[in-house]
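If you check Swiss-Prot, you get these features:
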ACT_SITE  H23  active site, proton acceptor
BINDING   H23  anthocyanidin binding site
BINDING   T157, Q377, H392, W395, N396, S397, E400, D416, Q417  UDP-alpha-D-glucose binding site
COMPBIAS  111-125  compositional bias 'Gly residues'
Amino acid sequence: MVGRGKGKGREHVLLVVFPAQGHISPALQLAFKIVAHSSIDLTFLTSSSAVASILIGLPPTAPALNFAAFSQGNLHNDDDDDDDAKDYMHTLCKHGSQSVRDIIHSTKKGQGQGQGQGQGQGQGQGHPITRILYTTLLPWAADVAREFRLPSVLLWTQPVTTFLTFHYYFTGYEDAINKVRNQQGTEDDSTIQLPRLPLLSSRDLHSFMLPSNPFKGAINTFKEHLEALDAEETPPTILVNSYDALEEEALQAMIPKYKTMGIGPLIPSSVFDTRETTCEVVSLVPDLAQKSKDDCQWHGWLNSKAEGSVIYVSFGSHVKQSKAQTEEIAKGLLASGHPFLWVITSNEEEEGDEIMEQNLVEEIQEKGMMIVPWCAQFQVLKHPSVGCFMTHCGWNSTLESIACGVPMIGFPKMFDQPTISKLIAHVWKVGVRVNAAVDGIVGQEVIKNCIESVMDPDGIGRELNENVRKFMSLGKKAAEEGGSSHNNFKAFLQDMTGGTTTIN
């Protein structure tokens, strides 16, 4: 229940979201929490294609939000097209910032924009925008907020550790980090000890920092984030999709400069439900990568497997493996002797007629293993038969795996994934990490050995399971009433409403 006292006018938040699954998922969770626990109106702004996918996938039971959209342009699937990425970000900034201005103007005039969702139109579309929330990679949203003298809040959708790495890079540690990053691809194993962070080598850094990074201008976006925060007249608020027990040292390091509030994990609350999942469980976060209705065959298949015996393999919606790498993964999985459920997206299949040699496909089929184009990930991770998650180490996937108590095999490729893999394997010790050969391919023996390590009930596997269950419990406690994330979220709501909102 929500109590609201008398005071200032109705609060209307504009939440501006980068149009990618890793940003939309936590942003939607935050949006739902805000409208469910307060009288605050909220407009969710992202690209037109993302809004279309969200509206198709949202169940009627989802809390009502207003949705608005901007054009995002086109980003091709080339992994090394720097010009294409620059054009995309420029288009995003141009159309996105103009949409923010238009919405602010229209709500001032009482002409609400956007599409309602749920039971008819969303409520409060005519109330003026009073605050802007924006996700990672959209620093221009804070600039527009300042144009209108509106407060802005950053929703950081990566680990706090990643934020700090960029912060240090642009505030005196650039030369030291460059010395380490320039060792990429060499035998040198130099590391750097940044304040209150784990030792980092070149293989642990965000890919935007590395010489091999194809998107040369991308790192400037993070510099713009810091500049936008520094431009605030009062200590800026940063909401982070993490929790105190998971990144305690990193969160403490943020305190002197930023008002940082861990409100994670921003995942469906049903993840913490101890009841056995079914295929029909509804998620309030549509998957933008889902291109067809889930036939749920995977659920019956999982039901037929022993507890903790299945390897779940998924590398997210944007990571594509080469044919050579896919074949090594297949051989390693088959050699492990464990049943596996492997998500190979339609994007990967579109790269060519064959994702692997036909004889491997036939062997996988003969042994009764399962390959699917899509499945409801958190429902899979909750299933008792799943004992290991081979993951690209996206932040949402990592938080979901921890919340479900499933240890991981880190298979990072780009962005924040190497840093997250470092945290998984060496800081939290809830998984292991693959090592690639000189040619960049992770061999079948490495994959097989990683599986054996995680699935070993008497060796390292036991320790990994104990650790992941510990952090699962700590995450659940953080989200519960009186927990750190619950209290931070409550404080954030009260800050927005002048202390007039209470959560029971």
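In case you wondered, yes, glycine gets a Cβ from its N, Cα and C as well.
Shown here: features listed in Swiss-Prot, placed on the structure.
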residue : record                           : contacts (Cβ under 8 Å, 6+ apart)
H23     : active site, proton acceptor     : V17, T135, T136, L137, T157
H392    : UDP-alpha-D-glucose binding site : S314, F315, G316, V319, F411, P412, K413, Q417
N396    : UDP-alpha-D-glucose binding site : Q21, G22, S25, P26, I267
E400    : UDP-alpha-D-glucose binding site : P265, I267, V271, Q377, F378, L381
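Other Cβ atoms within 10 Å of the Cβ of T157 (UDP-alpha-D-glucose binding site) number 27 in total over all chains.
According to DSSP, the residue listed as 'active site, proton acceptor' is assigned to a helical segment. Residues T157, Q377, H392, W395, N396, S397, E400, D416, Q417 are recorded as binding UDP-alpha-D-glucose; their most distant pair of Cα atoms lies 20 Å apart.
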